[in-house]
């Protein structure tokens with residue numbers, strides 16, 4: 001479902017850019033953040049106590065501003081990259097976010113991976129490589145890049161920013177709440193994207209030749225993006241940000257299948273092979289659960305010392321040695 005939502009955003013963006021000559025990535029994101037604000041921020045406003053909007057703003061406002069900046073710029077960087085580089089490069093370099101995400105999860109969320117997880121990631125990335133190879137062999141991307149270096153840098157930047165956003169999302173939805181994440185992102189995302197929108201896309205918006213088809217494309221993009229943002233926290237809460245990012249690699253394949261009918265793409269059996277490889281890798285990753293790191297010896301020693309101090313403050317009667325307890329109980333029975 002998440003892959004289909006991403007596919008919807010990709011197809012509508014491409015239709016806007018190629019068919020209607022509309023290039024307003026920040027306006028598209030701004031509409032999504034406004035929807036998040038109207039639904040989830042308003043929802044938070046009606047809650048009271050520690051889960052309410054005012055309490056969260058007083059204690060965490062600066063953290064969510066930083067998260068909103070990261071998320072807004074991640075969306076903008078990826079969409080903007082399509083103006084400078086090819087779809088093939090975007091698909092290939094976008095995978096940089098997965099190892100970055102795993103490293104961040106290792107240090108921030110203390111996630112630990114088994115050998116099968118690393119093998120699964122390699123299989124998924126090989127699937128993406130197969131898909132990129134099919135694009136190159138078909139010649140679909142020849143002559144479409146204006147400045148590939150700028151585009152590639154934007155893709156890598158966007159992928160790394162997405163990794164930061166996804167790790168933050170996993171921490172918030174698993175330790176706090178989904179409503180808090182989406183509500184704060186809607187509030188500050190609207191603010192940040194609105195400022196950036198007026199700064200860099202004001203003239204582009206004025207020059208749009210509005211008609212009902214363009215309105216439909218904007219509405220479809222916004223609904224797909226809103227669905228993506230609403231559903232992803234539910235999936236991340238029961239799995240992990242890494243497994244979600246592996247699963248949504250199939251979005252590029254779904255976009256290709258739509259492109260066969262809408263944009264006249266050439267079909268190749270390598271695309272089917274790529275899809276199978278990605279799904280096999282995804283299933284391998286999900287077949288074995290990750291685990292969290294145990295406390296370090298220093299942390300464990302600190303916990304023992306703190307426990308001993310608490311016991312010293314509260315005198316108690318000598319406890320019966322544990323090793324003699326089973327024998328006494330056996331004699332009583």
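One-based numbering along the chain as shown.
Cβ coordinates are placed from backbone N, Cα and C, and glycine is handled just like the others.
Source: prediction; values computed, not measured.
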Of the residue ranges 50-71, 116-137, which one carries the transmembrane segment annotation in TrEMBL? 116-137
What range among 149-167, 301-319 does TrEMBL record as transmembrane segment? 149-167
Determine whether the transmembrane segment (269-286) and the transmembrane segment (116-137) share at least three Cβ pairs under 8 Å, counting only pairs 6 or more apart in sequence. yes
The transmembrane segment (244-263) versus listed stretches 116-137, 149-167, 179-200, 212-232: most Cβ pairs under 8 Å: 116-137
Stretch with greatest number of CB pairs under 8 Å, the transmembrane segment (90-109) reference, 27-49, 149-167, 212-232 candidates: 149-167
Checking distant contacts: for the transmembrane segment (212-232), what same-chain residues at least six beyond its ends satisfy Cβ-Cβ under 8 A? 1-2, 5-6, 8-9, 12-13, 15-16, 20, 22, 27-29, 31-32, 35-36, 169, 182, 185, 244
